[in-house]
């Protein structure tokens, strides 16, 4: 048996073993067995768009309620003409459907571009190339990809234009990473140089069934009953782009929905903001209260009917007012008071959110010129929660730090070498320059491990060697090794070429054991030029220290701790020479497992890996610096000042994270740091129970715990590692104590965390209260944490865009988080809550007038306002424009002040603007306004108004009431707003001009005759009546007097922090304001 990685013993594939694989025969096209290559991401077709989008609209209870109202409008008991409410409801549905259709249109265009893209295949039967649409590709076809062309399906690369069988791909669309990835032709297919060699090449490929894994893939190539494993280096996935390579040929193994990029296209979990949930509850409450009120009105109607039917002969009253009449009358009132639940409520709320989100994208203060990226948003549904965040979960590497790695120190056989120190570099080079020198072998083993055991691949750019790798740590290690003469020159599918002080070394790759978040280490088995076999391993210290054989465990641990105390990232290097007998036995097991198609193959592979990765010789340690991002300490201090609790979740070792925490202001000199790093569950449990007894954590409410936090002499910080968390997982009591202890702490440092544990920590928070949480990270290992939190923020860093794609918002730097929260978030919460409150205020005020008239008219159900004063017109055209303009730009304080005084952020955390007390105070004001607009005109215009004493009727007075309402709701905007500008003041005038213009048009002869001909010219008569303007001007002042007086009393006697700051800004000199 040769052991050069190119041949092996004959291994027959057992067809009867329990397996899960797809067999592809080269030269055979599978037209029916597997799916086509067509991919559809759009939701609708031209036929299904309207019905499906309308059906989706009825998932909202308000639309179900409104459709019930619309149905009732067509019954005789309805007080409204059917067109008035129906037209509004149709407009709202069409608006939402058109919005859905417009969004889906972009998906259709994208699908069409992908499916219609031209692809080139080689027909083995006709011996020629054929061009076809991508959607018509099938498994088994030979696909040719040219440079800068997207790969149309998942393929196994058979040959490349490169003589060395190398190709480079950009995987941005797949995993978000910008670095090029190196792909290599397998030595098993290296005889294929072009399409002509395919005719004589017979092979079968056993590949995994379609799955979403981007890092694991099983494939065996079978030739003449001989089988050999292939690896990820030969798999090119759909969505990648070929770069720096003229062309490649590959056999298609997955198409369409089976491709890995489609398998990874999972539905993003939907998130609903707290304000939206509160709004839904408000709607449900109003519906129930309204129906109860309508039934009550129906009951009073029976009472009035029974008392007056013998005296009010001129009214056609029913002789018997039974239960059926009461129900009909209650339904009449339900239709009459429809605006209590405005038809357009959620449409205008969504529109307002979109407007606020647009400010984030266009904020130049969150644009990073160095990377040419700005803040972005992917959903508008939770924007107001950016102003209510209570707990932040943050990654460390690439989030708090720059992810710009540099190898600073090397610990070789317990001797420290500083690569920034020229004397230390000279010492290393001097030792290496001697034929025999003490410590030379240790240095060679150490730097060979760094240079050989990695996923780095070199490319030449303008005669300069450039290194690429998915991990910045590995690039830093390889670049650091160059300083002492170890240079990675070339990496092929089965060979690595390095230079050691100018002498080239060629190492044959026998096996590569990749890094994973579970293993936390990487190993390679290589054959040297002297035919000896070597294992090189590097990994996390907590894993590696259990694999090495040494008498200096304590010294190594001390060395690592000293590095960590400097805030440096550490790794341990180890390895061994493998004797031939040990290697042969292991290689047979490894080949057998790699060729297996058993369902537990992953477990079997890990077991085989563990057999060889033991009894390693310690080579040394590394210390890598990852610098903090700009303004991180200032940002964190501001977040803490805003009473936001910060949890840092990272996979780094404890000492490193603690030192970084100190430099970030997460921990300061006065902080009491509590560590949970014990290796035994009993000790952790005892320590947690000690704190529970001290602070009575389980017995106290969170308000009491907040008081405890404020009363602490020194701020508290907690540090816990992944193993400690794993030991208490499942114990709800201990986890609850841990969270409550974290609640009274300013910060919590969670070290050695796996991606799943990061998500578990966020879920722990959600299980212990209805907190609004924000998770921020930059890598794929942060995705689960981001998706679990209330709000996800991705940082467009150097670990790809997976975090950005999973998050609702993205920013280029961590420091931009303060502006995202304290400016955009705080403003969004202030604006959205006041917008919704004003929306309910104006609608309920209008309907209170209707309710009063129902009582005034003997509970008849007669409408008070004309049909053309429909709630639809009122909301869509006459009042929303000004309201949206005002609250889109509303600022209680300037942005600079929001950033200077973080305590202003507490209003959102306390939900001060949309609590029960606040909401019902607005409802009371709307009741007072509605009462006033009904009784003031009704009492001031008691008799005839014309020269002959004639009475124009009810609708003359109700029209005055409606005009008065229009002026009151716009004047209220001026009172409650803290920010007047030309734009929002102008919006009031535009809204009133539209109102007067539309009503005048509707009241004109030609239009009114088609709608309500009996009231043609009524509005002109109202406007010409002098008393109308007295009522409007005087009435507006009187109606808003309670609002103005209570606002003054509150701001003077019970000022909020916002009020105090606003008062200070008004009284401060221009110099002081400029200083702020």
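Heads up, the Cβ atoms here are built off N, Cα and C, so glycines get one too.
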From 896-914, 953-971, the residue range that TrEMBL assigns the feature transmembrane segment: 953-971
Among ranges 983-1004, 1049-1070, whichever one TrEMBL labels transmembrane segment: 983-1004
397, 781 as binding-site residues, winner by CB count within 10 A: 397
Rounded inter-Cα distance in Å - residue 397 (ATP binding site), residue 782 (Mg(2+) binding site): 11
Nearest recorded site to residue 778 (Mg(2+) binding site) by CA-CA distance, among recorded positions 395, 515, 569, 651, 752: 395
Densest Cβ neighbourhood among 569, 752 (binding-site residues), 10 Å radius: 569
In sequence order, the recorded positions (395, 569, 651, 752) whose C-alpha falls within 10 A of residue 782 (Mg(2+) binding site): 395
515, 569, 781 screened against residue 395 (active site, 4-aspartylphosphate intermediate), Cα within 10 Å - retained binding-site residues: 781
Within the predicted model, mean pLDDT of the domain 'P-type ATPase N-terminal' (20-84): 83
The domain 'P-type ATPase N-terminal' (20-84), counted residue by residue under DSSP: helix, strand, coil: 25 helix, 6 strand, 34 coil
